[in-house]
Amino acid sequence: MASEANGSLANEKAPETVGVGRYVEMEQDGDSNTVKSRLSGLLWHGGSAYDAWFSCASNQVAQVLLTLPYSFSQLGMLSGILFQLFYGLLGSWTAYLISILYVEYRTRKEREKADFRNHVIQWFEVLDGLLGRHWRNVGLAFNCTFLLFGSVIQLIACASNIYYINDKLDKRTWTYIFGACCATTVFIPSFHNYRIWSFLGLVMTTYTAWYLAIASIIHGQVDGVKHSGPTKMVLYFTGATNILYTFGGHAVTVEIMHAMWRPQKFKAIYLLATLYVLTLTLPSAAAAYWAFGDELLTHSNALSLLPRTAFRDAAVVLMLVHQFITFGFACTPLYFVWEKLIGLHDCRSLCKRAAARLPVVVPIWFLAIVFPFFGPINSAVGSLLVSFTVYIIPALAHMITFRSASARENAVEPPPRLVGRWTGTYMINAFVVAWVLVVGFGFGGWASMTNFVHQIDTFGLFTKCYQCPPPPLPPATPLPFPGGLSNITMPFAGGLPPAAAPSPAHFRHQHRHHSHGL
């Protein structure tokens, strides 16, 4: 891409800079020799292939790591492992397609002397440039809705996790608190500035994953453990769509690519990130399911079953910080869309852009309070939104973009021989569309929405504390019994239904009868 762009823009200095991938977001170029600039470059200005790998791996696993044991209890051990491998491969393929379409779009625009130095390319713009406004509208609707609920899920996960350290506040109150904390992501300009956060995020999920695996093994199997899954189709496909969601985190692929100095190097980054993520998700989910079995069916957050220790508290705290980071990953593309809508995307003032972004956080905050269903909401989002956003639409877009012989001949990045060139690519894309449409959206949508509605019927909307342990029974209430027997308690204090308890009139009658006998 770079050589063609440079050849066509040799006489245009500014576009040539863009053609070689020089990405300038909101920072001013300054003296690169100062201590401040070197420190900023180390922690803040990330645009290498390594930064992209950290961003992809960190964003991909996130809080879903804690719900995968729950999915294993729905799927069973064998299906859980196979679905992870299958959807990991499928997700890597569609991320590759998105990267190819991005490079194609950017190269065409740079040949037209477009300048992206102060503009972040997004997925809906790629669809618009390659396929027209109808594709843009569909892509924009699915992508924004998915990212909106992806941000909602991070807030729910924050409240769910912190509750296992401090249960003095209910989960809904914790959602209020973390909503305010996550709103500070409005000050992070773009994915170009997530260098240190991406690195730390992956370190945190690595610790949590191996803590889950090792702690589950040390804990051992609970008494009478059962591994009965799969037992119901609803549960089976709900678990499958949660794994579909796990490896469908590349709704921000285009933004991550655009933050790279050399976007054309992205090709295999997502696959390499997925391979690393599998080393985290497979051992942790398998070990937790082995230890707790069917108990996970009513504990969508695996941390809730492990005894409280300093190691578990560390895992909770690290995941809280990581969920803050992932909230920023999911919400930043929404910030960009909102900025473009109100005409502030090219504003150089960070404070103005941050203030303008705040209205985006409000609906996310509200929805996290309405639907606090940690676990089931992942499956619902996976089946209804991820299936189209990151699987079906990219595969269809690639097929239609290169449907003509001239488009294939002039393609910037033709498919490799390993996948069978254009014929093999078309067949793989057709399989992806058919499989995800039938299994992911069809069966998965039915199962996940059935489960989601069941959660609403069971817990209700705006529930204060989803899947919290019931409060302890109050101590027996002393009854002021006639004759000074104040230590006699009500028979129903131990839990009998009120209808079975003797009435006060009965006690008065017994007292009168006893007095007459004396």
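A Cβ is built for glycine as well, from the same backbone N, Cα and C atoms used for every other residue.
Keep in mind that TrEMBL annotations are predicted by a computer and have not been checked by a curator.
Note that the structure is predicted; figures quoted are calculated from it, not measured.
Positions annotated as domain 'Amino acid transporter transmembrane' by TrEMBL: 45-437.
Outside the transmembrane segment (81-103) by six or more residues, the chain places 1, 56, 68, 75, 121, 123, 126, 130, 239-240, 243-244, 246-250, 253-254, 257-258, 263-264, 266-268, 270-271, 274-275, 277-278, 281-282, 285-286, 390-391, 394-395, 397-398, 401, 412-413, 428-429, 432, 435-436 with a CB less than 8 A from a CB of the stretch. According to TrEMBL, the feature transmembrane segment maps to 81-103 (among others).
As annotated by TrEMBL, transmembrane segment applies to 140-162 (among others).
What TrEMBL records for 174-192 (among others) is transmembrane segment. Long-range neighbours of the transmembrane segment (174-192) within the same chain, counting only residues 6 or more positions beyond its ends whose Cβ lies under 8 Å from a Cβ of the stretch, are 23, 25-27, 45-47, 55, 120, 151, 154-156, 158-159, 162-163, 252, 255-256, 258-259, 320, 324, 327-329, 331-332, 335-336, 350, 353-355, 357-358, 360-361, 364-365, 368-369, 372.
The transmembrane segment feature in TrEMBL is assigned to 199-222 (among others). Same-chain neighbours of the transmembrane segment (199-222): 54, 57-59, 61-62, 65-66, 69, 280-281, 283-284, 286-288, 290-293, 295, 302-303, 306-307, 309, 311-312, 314-315, 318-319, 321-322, 325-326, counting only residues six or more beyond its ends whose CB sits under 8 Å from a CB of the stretch.
For the transmembrane segment (234-257), the list of distant contacts is 52, 55-56, 59-62, 64, 67-68, 70-75, 79-80, 83-84, 87-88, 90-92, 94-95, 98-99, 102, 120-123, 126, 143, 146-147, 150, 190-191, 263, 266, 270, 274, 277, 281, 297, 329-330, 332-333, 336, 375-376, 378-383, 386-387, 389-391, 436, 439-440, 443-448, 450-451: same-chain residues at least six beyond its ends, Cβ to Cβ under 8 Å. TrEMBL lists 234-257 (among others) with the feature transmembrane segment.
The transmembrane segment annotation in TrEMBL covers 269-292 (among others).
The transmembrane segment feature in TrEMBL is assigned to 314-338 (among others).
The transmembrane segment feature in TrEMBL is assigned to 358-377 (among others).
According to TrEMBL, the transmembrane segment annotation covers 383-405 (among others).
As annotated by TrEMBL, transmembrane segment applies to 426-447 (among others).
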Whether the transmembrane segment (358-377) meets the transmembrane segment (140-162): three or more C-beta pairs under 8 angstroms: yes
Tertiary contacts of the transmembrane segment (314-338), as residues 6+ beyond its ends and Cβ separation under 8 Å: 55, 58-59, 62-63, 65-66, 120, 122, 124, 140, 143-144, 147-148, 150-151, 154-155, 157-158, 161-162, 164-165, 178, 181-182, 185-186, 188, 190-191, 194, 197-198, 200-201, 204-205, 207-208, 211-212, 251-252, 255, 303, 345, 353, 356-357, 359-361, 364
Tertiary contacts of the transmembrane segment (269-292) (same chain, 6+ residues out, Cβ under 8 Å): 49, 52-53, 56-57, 60-61, 65, 68-69, 71-73, 77, 80-81, 84-85, 88-89, 91-92, 95-96, 99, 205-206, 208-210, 212-214, 216-217, 219-222, 225, 227, 246-247, 250, 253, 299, 302, 305
